[in-house]
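As recorded in Swiss-Prot, the features of this protein are as follows:
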type	residues	note
BINDING	10-17, 57-61, 120-123	GTP 1 binding site
BINDING	183-190, 230-234, 295-298	GTP 2 binding site
DOMAIN	4-168	domain 'EngA-type G 1'
DOMAIN	177-352	domain 'EngA-type G 2'
DOMAIN	353-437	domain 'KH-like'
Amino acid sequence: MGKPIVAIVGRPNVGKSTLFNKLAGKRISIVQDTPGVTRDRVYAEAEWLRYNFTMIDTGGIEPENNDIIIKQMRRQANIAIETADVIIFIVDGKEGLTAADNEVATMLRKSKKPVVLVVNKVDNLKDENNAYEFYNLGIGDPMAISAGQGLGLGDMLDEVVKHFDKSIYDEEDDEYIRIAMIGKPNVGKSSLINKLLGEERVIVSDIPGTTRDSIDSHLETEEGKFILVDTAGLRRKSKVKEEIERYSVIRTYAAIERADVCILMIDATEGITEQDEKIIGYAHELRKAIMVIVNKWDLVEKDDKTLDKFKKDLQSNLKFLSYAEYLFISALTGQRTNKVLKLARYCYDNYNKRISTGILNDVISKAVLMKEPPIVGIKRMKIYYATQVATKPPKFVFFINDESARHFSYERYLENQLRDSFDFKGTGIQIEYRQRKE
């Protein structure tokens, strides 16, 4: 399972973005070579009391018309209810209670999701009385904060983490491998899942997932136990396309966050699109295990070079996914669908792989002997030792002499040496460099 998801909901100009940015701190980062992923910063990683969680800003555009605001608030509340484990409902202590606040509070009450009600813009003790009228919303005790000044945020976060399912932080492995099928509507995600379930005929149950557009299907096979998550995406028509796009991204991101293996499905008759690159970019950022499946391969006119050319074109567009596994199938005819779960299991095993410290350091020592680090300025990086500190994804820490002696091309060389030596095909890996004295 992924980290808990916390969604921030509120009217325009109540301080959602201020709170989001204050909590995220410096944890929002733009990853190079990942097109369009973090430019619209709808999510960020955060931590409180050693609990890591993901924050989602349901904001979007900021209309001025009151009717549009209420419609937007309904959408925000829906997306929070569907994707989040805990909801922060932020209201404006200076402006007071509004019709839109009441509307959303009603939806949140019905959802039964944990809600933390925060009254923002309470910048001093004199303004604390402004919070009391929000008891009328009927969703618990209002907590007075000032997002701009950082006042009251600790108490608010204490309340948020109280609602987390602490069992997800246990080290024990989940017995199910979670696979998220991601991609545009109508590329064949549901068809493939139905094919896999139909062939195996050992469905445990169909359980409504965290969003109205996701269905979690439990499946047991010779390859292991799987949960297949079909992310249908938003299909509602709306004039506010940017807003709908944002909510679609949030839904998809929530599915990716909770997955072990992410399968990007592409329509062979359309090829890859910018939206595909953006979607799989999230999985790459989180260093998930990744497969790219090209569906409807039966509809493509082929010769003996077609598959190789198509794959090379894909890899050219997805340069940041050099480690991903590729598979060409037809969910309709069943062509190569029998290989999907085998390949997913292979990617997952690499995602969950652990390397002993002794063997790891032997490989790094040999890599340095074959090609020593370049001199950066007047210093050359020296690696004292390396160790693996986590799996899912594999995370390594290299202890070095000087941070300023690092060079991106040599770091890429070391990552390639790890991948070649230990077979991390199909999964992202993370390498952290820490300076220490000799």
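Here the Cβ of each residue, glycine as well, is placed from N, Cα and C on the backbone.
Each residue contributes its Cα atom, and for LYS189 (GTP 2 binding site) and THR58 (GTP 1 binding site) these two points are 26 Å apart. In the three-state DSSP assignment, the secondary structure recorded for LYS16 (GTP 1 binding site) is helix. Classification of THR231 (GTP 2 binding site) by DSSP places it within a strand. For the domain 'EngA-type G 1' (4-168), the model's pLDDT averages out at 80.
Of all the binding-site residues in the list LYS16, THR58, VAL122, the shortest Cα-Cα distance to TRP297 (GTP 2 binding site) is found for THR58. With GLY183 (GTP 2 binding site) as the anchor, the candidate binding-site residues are ASN13, LYS16, THR58, VAL122, and the one with the nearest CA is THR58. Under DSSP, the residues of the domain 'KH-like' (353-437) split into helix, strand and coil as follows: 32 helix, 25 strand, 28 coil. Around the Cβ of GLY183 (GTP 2 binding site), 24 further Cβ atoms fall within 10 Å across all displayed protein chains. Straight-line distance linking the Cα atoms of THR58 (GTP 1 binding site) and THR231 (GTP 2 binding site), rounded to a whole number, equals 18 Å.
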